[in-house]
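Chemist: I have a structure I would like to understand better, so I am pasting it below and will then ask my questions one at a time.
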């Protein structure tokens, strides 16, 4: 049940509670006034998991209206008094006037009152002085009517229990109201009063249940004056809009109000029974407030019980309910797998989500040549379920209102004519609530979905771990859009596969959903993968945004609470972040700032040349790596050596998310440079690389260094272990560079100055790259090391045309600002620099001249 404290809350008069937890103000021998009977409805012929009440069954039930609509329930306890919940009458700690409220009595349907129904204005509202919020108790209120109610068969007061009254644990009681029939699912027209049977739970049992991890990762301390009712397995409960209504129990032919609907965590969730205000606890306070009213509420003596009420044991253990969904004997043997058979079409794969409903893609049933509704002649349709001796017939097809061939709402629900008896062989998959947060690293697996071919290879190809939200959103989300925080619906869910994909395979004809496991329970997490060409699915539309629709249609789908909660500031970002810009070819240059040292430089490649040397490479596009020519080709060589490229390696270890990728090099492309051997080489890979946190292209910038960028040389500390290290550098202006090297440098050569203590961080034989991070977060490749120098790099910008023409998918960002280095002649070189080429002292002297030269 949605937390009732989220309702519009109003209250007016505050009054103390003398002796709130004391026994009755009357002795057990005192009798109530004879002129007021209570708790005896006239004989007659939602609430989560409930049903329509018969007219006149609950004549004390009232509807409290504010602003023209039903807000809360209440109970008539005397002709001039109504009992309800305090939280209904308070908004942000402010008490609202009683004159803004009205009470409807004798109402069965909010769409059409019964004979005898009438409305009364509210003269005063009284709440306990110590009420502050529902979790702290004292959640009750008394409403004094402006004029007495007209009593009759449809309007009659309920009995109230004395402080000494003891309701037996396990007693079947009834809650009533016009609240939501499920979370975020209002009671439909004609708004008939709902009733549901709930079992009273002892305080120790309730506390044990609420001490277990559950919805929203919250626990609760059950306080004196609180009462619990419901079932460990959930599915029957009060909900939003039922607040203030009565929980009544029959004893000796009378109905006593045991509780006032107060709050809960969700509606009908497992191991989260509803929490009610225990009316008996507040007998003295109620008597004090209504003193002088004639007739007042009736507190009859408790009828003699037929058996004693044993004291509930105080042990901390309790029998918790386990999920009834999502259990499979092994991955791939899914007991919820369903095949919808439509004459003349290939089977459509879906999933059993309740005893009576199957979820499948709506596109299976749409005519590609028509925008009309799917055919409604369902007599010939059949559904095949695991271990079922016969095919199930289809009674109804319900499409999502936004269903189409290629969007996130490509969903339909099929109702079976005969409900399935659930067993280990046939059970539904669990569905996530909207706030569900699938943890990075969760174990996931692809499952067939819709019409399509099966997997191309062993089942291990279907196994994956879930990427973190930042990576997934920035790879496949909208650039510049804020990354959803944990608990907010994500834009996409992204698997990182554990098994390397077979070279040359194509998954274009297969269709998949994404199942993810928590504590041994499988959830249908994602549906309809994003288009990925021949690659395995890279991203899925999250299902949790559709949970309310599925729940509304089925009224019984197994939406299950999150079962794994070990996340927080150390696991995933909890502050709002945005994604760097994309290019026309997609995301590039992404790196998580909090990445551990030595990992997650997703464009950094190891280029193994003919078994005798390893060069640094940079992934420019899914099928291309850039490296320094002098490292990958021997001087004078014209043949392509055997070269293998590795991505996603931090020394000897694979990255924790996204795993080692290897490709062969099938060709080497060099630009045409007159008279000189070009410093840069493009390596064409044998097949494209799946984009992931361990293999993602870097961005390129066509016009020098954007203002504000910070730059680094990225290489390896030792060539044998190849653990990545980054050395901070400043890129010198072209004028200083020309001064230092007397104009002997090839055009487009960059000079760098290492930060103090950074000179020897990287070994240079592998020709490391020069990178810069732009202010908005993107990383760009600026240059590759020149042979024999630690300070010189071949610039990428001048080769923009060649790279774009050769690669096609190179990620050049739009030019921003002006180049970092100004143009200028070497005739202005200070004499000290002109004589200092190669001298370390000259390099440090540059620090003193930086401001002068830049001016």
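Just so you know, glycine gets a Cβ as well, placed from its N, Cα and C.
Dumping what Swiss-Prot says about this protein:
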SIGNAL    1-22  signal peptide
DOMAIN    47-291  domain 'Peptidase S1 1'
DISULFID  72-88  disulfide bond
ACT_SITE  87  active site, charge relay system
CARBOHYD  92  N-linked glycosylation site
CARBOHYD  130  N-linked glycosylation site
ACT_SITE  139  active site, charge relay system
DISULFID  173-249  disulfide bond
DISULFID  206-228  disulfide bond
CARBOHYD  217  N-linked glycosylation site
DISULFID  239-267  disulfide bond
ACT_SITE  243  active site, charge relay system
REGION    292-316  region 'Disordered'
COMPBIAS  301-310  compositional bias 'Polar residues'
CARBOHYD  317  N-linked glycosylation site
DOMAIN    323-555  domain 'Peptidase S1 2'
DISULFID  348-364  disulfide bond
CARBOHYD  369  N-linked glycosylation site
CARBOHYD  402  N-linked glycosylation site
CARBOHYD  407  N-linked glycosylation site
CARBOHYD  421  N-linked glycosylation site
DISULFID  444-516  disulfide bond
DISULFID  506-534  disulfide bond
CARBOHYD  508  N-linked glycosylation site
DOMAIN    590-808  domain 'Peptidase S1 3'
DISULFID  615-631  disulfide bond
DISULFID  711-772  disulfide bond
DISULFID  739-751  disulfide bond
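For the listed features, I'd like the structural context: burial, neighbours, distances.
Modeler: In the three-state DSSP scheme, residue 87 (active site, charge relay system) is classed as helix.
Non-local neighbourhood of residue 92 (N-linked glycosylation site): empty, since no residue in the same chain at least six residues away has a C-beta under 8 Å from its C-beta.
If you take the C-beta of residue 139 (active site, charge relay system) and look for same-chain residues 6 or more apart in sequence within under 8 angstroms, you find 85, 86, 87, 131, 260, 262, 263, 277.
Under the DSSP three-state reduction, residue 173 (disulfide bond) is assigned to strand.
In this structure, residue 206 (disulfide bond) is part of a helix by DSSP. Its Cβ placed at the centre, residue 206 (disulfide bond) has 24 other Cβ atoms within 10 Å.
The Cβ of residue 217 (N-linked glycosylation site) lies under 8 Å from the Cβ of 562, 565, each of which sits 6+ residues away along the same chain. Look at residue 217 (N-linked glycosylation site): DSSP puts it in a helix.
The DSSP secondary structure for residue 267 (disulfide bond) is coil.
DSSP assigns residue 243 (active site, charge relay system) to coil in the three-state reduction, placing it in neither a helix nor a strand. Summarising the environment of residue 243 (active site, charge relay system), the number of other Cβ atoms within 10 Å of its Cβ, over all protein chains shown, is 33.
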Chemist: If I take the alpha carbons of residue 631 (disulfide bond) and residue 421 (N-linked glycosylation site), what is the distance between them in whole Å?
Modeler: 67
Chemist: Where residue 407 (N-linked glycosylation site) and residue 364 (disulfide bond) are concerned, what is their Cα separation in Å, rounded?
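Modeler: Roughly 13 Å, rounded to the nearest whole number.
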Chemist: Which one is closest to residue 267 (disulfide bond) in space, judged by CA to CA distance, out of the recorded positions 130, 444, 506, 516, 739?
Modeler: 516
Chemist: Compute the C-alpha separation of residue 421 (N-linked glycosylation site) from residue 534 (disulfide bond), stating it in Å without decimals.
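Modeler: That separation, Cα to Cα, works out to 40 Å.
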Chemist: Averaging the per-residue pLDDT over the domain 'Peptidase S1 1' (47-291), what integer do you get?
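Modeler: PLDDT averaged over the stretch: 94.
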Chemist: Far apart in sequence but close in space: which same-chain residues, 6 or more away, have a Cβ under 8 Å from residue 516 (disulfide bond)?
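Modeler: Residue 516 (disulfide bond) has long-range Cβ partners 438, 442, 443, 444, 445, 466, 493, 522, 523, 525, 526.
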Chemist: Quick one: what's DSSP say for residue 739 (disulfide bond), helix, strand or coil?
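Modeler: Looking at the DSSP assignment, residue 739 (disulfide bond) belongs to a helix.
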Chemist: Compare the C-alpha of residue 506 (disulfide bond) with the C-alpha of each of the recorded positions 206, 228, 243, 402, and give the closest one.
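Modeler: Spatially nearest to residue 506 (disulfide bond) by Cα position is 402.
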Chemist: Going by C-alpha positions, which of the disulfide-bonded residues (72, 739, 751) is nearest residue 711 (disulfide bond)?
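Modeler: That would be 751, the closest of 72, 739, 751 to residue 711 (disulfide bond).
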Chemist: If you measure residue 239 (disulfide bond) to residue 508 (N-linked glycosylation site) at Cα, how many Å is it?
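Modeler: Residue 239 (disulfide bond) to residue 508 (N-linked glycosylation site), Cα-Cα distance: 45 Å.
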